[in-house]
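Written below as structure tokens is the structure these notes are about.
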Ligand SMILES: *Cc1c(COP(=O)(O)O)cnc(C)c1O
């Protein structure tokens, strides 16, 4: 049987890994996984790790989930894939029916892409194209939030605002309006999340008031800017934004690729603001983290603006080879069924409360500026100076020390810069949460001791 070392040697001679400076692997171990079971990942040497980041936020029901496995196996014996133009299949129909039924009211049409970034491209193009079809040809621009992230293909990158991923490619990207983030980390001392979000909204409102005639849509990540260091905000911002978008005739695109499917405490984050966006992008957890799939939901009124005789050239001619893949749809259907039968939203409430208690002690840590949580996402932000919140120099890579410590103690805790976060599969136990908190505590102590 192979060992870690053998697989890693073969890997490093042929692969180029995502989001990685490959030279790091001269001293950082690359970890080959041979098996997954629930929250556990096991490497080729038999070491085990609790997957505290849900394998990049996708896996919500555990690895090797028997019910999803069965659904994919059964689908595999019937149909692995078929073109979705001119043809259709039962899993994609059933999934679309269910998504329409479970998402906020008014989202009645589903278009598919095969990953999150592509789904964002779909929403942006559809919004622009809608306004073109409606004769509003001056509407050609988008508004995004500071610190936002919407994926890494060029248009998705353009509407994002994380410098680490974006700045190199700036010359290639379309120009967007960027409104200040409602990220409550920056609220004044004693100021509530709600008050801060209302204050931050003023600038957004100004952009919309001044430029709405050239704006197609505003795109946001509801409640949590995950890739932007798990920064969080109050639902009131979404409510105000919905009102302003309606007032000024601008679409609202909700990117729930990371936060959809129970992550924030409700099935969808938009529910906490009581709003329906014009476009809703869902991916990641949609298939339980099994297979790539993205659903972009929109309103019938938008769909109707494309519906006409062929010769009018109003159709949305966007496509991806694996659009609506049946295996991915089968995994998604099984995932949605588990949501229902296992009462996950209810169960998550208890897990989230446990997570909150387990992380309480970090508030008093001399190098922790903030512990924040929204549902099943919790984050601990390390700083050099607790009082002024002066951050550690990014080049010191202190988060990496937490990561390395955690790997030695059965935990995959992959920080974002100096932010250690917990975004585990919903099948985690309270005891496992306690273990993660202990490991993070030791890791942060080590990472901040000099
Ligand atoms: C991950 C993510 C994306 C991009 O999805 P990919 O499948 O990685 O292309 C877009 N938006 C948000 C909010 C995400 O977290």
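Glycine residues also receive a Cβ, built from the backbone N, Cα and C atoms like all the rest.
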According to TrEMBL, which candidate in 51, 183, 255 joins 116, 117, 320, 321 at the pyridoxal 5'-phosphate site: 255
Cβ packing number for residue 284 (substrate binding site), 10 Å threshold: 27
Residue among the binding-site residues 56, 149 whose Cβ has the most other Cβ atoms within 10 Å: 149
Collapsed DSSP category at residue 255 (pyridoxal 5'-phosphate binding site): strand
Same chain, 6+ residues apart, C-beta under 8 Å of the C-beta of residue 319 (substrate binding site), given in sequence order: 85
Secondary structure of residue 56 (substrate binding site) (DSSP, helix/strand/coil): helix
Close-lying binding-site residues around ligand 1 among 56, 117, 320, 321, 414, where CB distance stays under 6 Å: 117
All-chain count of other Cβ atoms within 10 Å of residue 117 (pyridoxal 5'-phosphate binding site): 22
